[in-house]
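The structure appears right after this line, and notes come after that.
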């Protein structure tokens with residue numbers, strides 16, 4: 001490796017926008033490392049990070065309020081390029097001597113920005129740009145040294161620039177896909193203005209991660225809880241590439257997995273990739289612990305506690321394991337820091353954001369803690385994991401434990417597994433699986449009368465659920481074809497003895513959540 005992939009970096013200061021993580025993902029997509037910190041970060045931390053450029057995010061506050069957040073003064077004293085987005089532009093304008101006012105005309109949705117003059121931020125772009133606006137306040141007077149480089153019919157300063165100091169502000173959101181050339185604008189800033197190179201690629205991330213794992217663990221042995229999910233699977237492949245047979249994976253089959261999932265994990269990681277895997281069949285133990293529990297939160301906690309106990313027991317059998325590998329990813333780190341302090345912080349190493357025992361005397365290996373989920377999937381492909389596994393729909397940590405409503409019984413799980421497998425199989429066959437964001441089946445603990453042949457049956461009900469969403473914060477129910485739903489229903493009722501009725505969930509989020517529990 002000729003250059004360190006972290007040498008060139010962008011700092012993003014978070015003012016609370018729902019899109020802030022998306023800004024970071026776009027910068028990474030461009031091929032440059034970045035980190036996301038709270039707006040009130042200390043000057044010393046910025047100096048230590050030594051960014052090549054700083055982006056000020058959007059946010060829900062109003063710059064016109066006395067106690068609204070401001071960028072640290074050092075941002076404008078540091079000599080590095082700065083891009084303000086939405087609220088970020090407004091606080092930049094106000095802090096540097098311009099004026100912001102609350103507007104009677106709020107701009108939400110698509111807008112056409114008329115580009116004026118020559119600005120690095122709009123390099124190689126046409127004179128009119130389709131963008132996405134989401135603001136009430138607006139800049140009414142730009143600071144000295146700035147020029148107007150974009151306007152809309154209702155926003156006189158939709159973009160401003162101080163080319164000499166390399167300060168730029170845009171009132172719209174270049175990070176969202178609704179802004180047609182938003183990625184190009186961010187590239188113009190990150191690559192053009194800041195002078196960064198595209199060092200952050202899947203290949204270089206893998207090379208860097210493997211080197212760091214080798215340096216961290218040396219000749220020691222490592223243990224990993226392998227679930228078959230995306231994060232733990234990619235960690236397994238990275239650590240195995242770094243240290244080979246010194247990695248031992250523990251796969252706990254809790255009886256709450258999808259149909260044949262346990263065998264699929266063993267076949268792929270054991271037989272195909274040659275990893276050392278200990279499989280623990282703990283179905284009876286989990287179901288016993290869940291007896292009589294119907295509250296969703298109590299079920300989640302019980303499943304988590306039993307997993308920790310089982311994993312702890314297995315890890316103690318591996319006397320030489322000095323390190324624990326975990327699938328912590330960057331959003332986990334951000335959310336963990338925010339939940340403890342109310343704000344996102346600098347990435348600190350060895351912060352256990354999982355629920356494993358505090359007394360587990362092992363060092364932590366977390367090779368994904370700098371990565372977003374989409375980056376994890378990309379390096380998974382590069383490491384040889386199958387697309388179907390990396391891009392399948394989300395599956396909750398407690399598994400079927402929160403898809404069997406109420407008390408969990410083996411009979412219910414077995415029925416649900418088979419019904420869900422039919423639904424997913426038919427989605428693939430109809431080329432609909434990748435057109436919905438998430439699809440699954442829920443077991444309802446209610447019986448319903450049905451007719452089979454000349455006889456009546458009194459059996460269980462399942463609900464099909466399919467949603468379309470961009471960020472899983474909000475979701476629409478998927479309008480699947482009636483013929484398709486009819487086929488799935490017929491197959492489930494005919495092939496799964498014990499189910500007499502199939503319903504389809506047409507609730508959006510909000511008011512409903514995506515999962516039922």
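The backbone N, Cα and C atoms fix where each Cβ goes, glycine too.
DSSP classifies residue 86 (active site, nucleophile) as coil under the three-state reduction. Annotation comment: Swiss-Prot describes 86 as active site, nucleophile.
Among the features that Swiss-Prot reports, active site is placed at 173 (among others), with the record citing sequence analysis. Residues within less than 8 Å, Cβ to Cβ, of residue 173 (active site) and separated from it by at least 6 positions along the same chain comprise 19, 58, 85, 86, 131, 132, 133, 134, 179, 182. Mapped onto three states, the DSSP output places residue 173 (active site) in coil.
With a 10 A radius on its CB, residue 175 (active site) counts 28 other CB atoms from all the protein chains. According to Swiss-Prot, the feature active site maps to 175 (among others), an assignment based on sequence analysis.
What Swiss-Prot records for 227, 228, 229, 230, 231, 232, 233 is ATP binding site, and it gives sequence analysis as the kind of evidence. Close to residue 233 (ATP binding site) in the fold, though at least 6 residues off in sequence, lie 226, 227, 269, 380, 385, 389, 390, each with a CB less than 8 Å from its CB. Following the DSSP three-state reduction, the secondary structure of residue 233 (ATP binding site) is helix.
The annotation domain 'Glutamine amidotransferase type-1' is assigned in Swiss-Prot to 9-199 on the grounds of sequence analysis.
Look at Swiss-Prot and you will find 200-392 tagged as domain 'GMPS ATP-PPase'.
If you measure from the Cα atom of residue 231 (ATP binding site) to that of residue 175 (active site), you get 25 Å. For the recorded positions 86, 230, the greatest number of Cβ atoms within 10 Å around a candidate Cβ is found at 86. Residues 227, 228, 229, 230, 231, 232, 233 make up the record's ATP site, and a Cβ search at 8 Å around their centroid adds 226, 234, 235, 327 from the same chain. Cα separation, residue 175 (active site) to residue 232 (ATP binding site), rounded: 29 Å. Around residue 228 (ATP binding site), a 10 Å sphere centred on its CB holds 20 further CB atoms from the protein chains shown.
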